[in-house]
Amino acid sequence: MFCSILDLIMVPQHFSHGPTFLVIVETKDKLLSPTVLSILNALYWGCFGASMAVFAVHFVYRWLVVSENRLLQTFNGWKICLWFSIPVWYGVTWVCTGYILCGPNENTSRFIKDNIKEVLGLEFNEYTYLGPFLYDKDENGTDVVYVAPFIGLGIISGTICSSIVIVLTFGILCYIRIKNIVVTTVNSLKMRSLQRQLFFALVIQTLVPFLLMHIPVALMFAFVFLDIDLGVYSAIVSMTIAIYPAVDPIPTLVIVENYRKTIIYWICCCKKAAHVPGQTTIEPTRFTTLPPSGLELDLDN
């Protein structure tokens, strides 16, 4: 969500050129100074890094709920601050990495300014950027490795990998646990149907952050390591980050029958209301079948 808000404020552009990957912010005709825009750019990095940790904590919480693990009590009282601190530390790590280790420097500016002018039509004084420039060739054709950006890219790659591992691990554990609940403990046909819906919603909700957040950025970093120039196609990362908050709740709303019927009912009633003069209120139907205690927290949060 915060990434999307910063998108609206500064309109960052992702750009890849050879062994460098940049987040560019235009400074021309902006109310904010280049320095402030650079800080906001770093915060944009931090919000993305924090979201990696949020995914991980979210799936750990889901597993604790469905398994009724005693560690679920750590989400009550002051101990929940420990869980909330994990995204904060991830975010601070990304902010420091982007602003300090991957900040603007003479070598990066010299390497990218001509290409950005050709592709994006921006003069060097019309934008600011953050991003790692990994290596270059000197006059003799020898590879020159820039250590700080390499360390920076390694750090943020590590946070992404840790998020992927945790989401996959606890997603699979939730998958197994809910499957066992459906098979062994649910006797009512309605409850079994509901559990199956929650089960499939979990699978789809696991795939959404992978497809829109983890995979695009991981592929972009891989292309940087391999010195593959993507140019304007790097903008796909900006698009996937921006649409993720809107796409994330859709699987639950579509797959869970009660939610789906309510949405269809409201759509149909709104269409009818447009043709009925004087109609001001609509009373929605009430569905009495609810998820069992605990499992609704698993997929509705």
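Positions of Cβ are set from backbone N, Cα and C atoms, glycine also.
Sequence annotations record features per position, and here TrEMBL assigns transmembrane segment to 42-61 (among others).
The transmembrane segment annotation in TrEMBL covers 81-101 (among others). Same-chain neighbours of the transmembrane segment (81-101): 23, 38-39, 41-43, 45-54, 56-57, 61, 74-75, 130-132, 148-149, 151-152, 155-156, 159, counting only residues six or more beyond its ends whose CB sits under 8 Å from a CB of the stretch.
Packing against the transmembrane segment (150-178) from elsewhere in the chain are residues 49, 52-53, 55-56, 59-60, 62-63, 66-67, 90, 93-94, 97-98, 100-102, 132, 134, 195, 198-199, 202-203, 206, 209-210, 214, 217-218, 221, 224-225, 295, 298: each is 6 or more residues past its ends and has a CB under 8 Å from a CB in it. For 150-178 (among others), the entry in TrEMBL reads transmembrane segment.
Look at TrEMBL and you will find 198-226 (among others) tagged as transmembrane segment. Nonlocal intrachain contacts for the transmembrane segment (198-226), taken as residues 6+ away from its ends with a CB within less than 8 angstroms of a stretch CB, comprise 14, 16, 19-21, 48, 51-52, 55, 59, 62, 132, 134, 153, 156-157, 160, 163-164, 167, 171, 174-175, 178-179, 182, 234, 236-237, 240-241, 243-244, 247-248, 251-252, 255-256, 291, 295, 298-299.
Marked as transmembrane segment by TrEMBL: 232-256 (among others).
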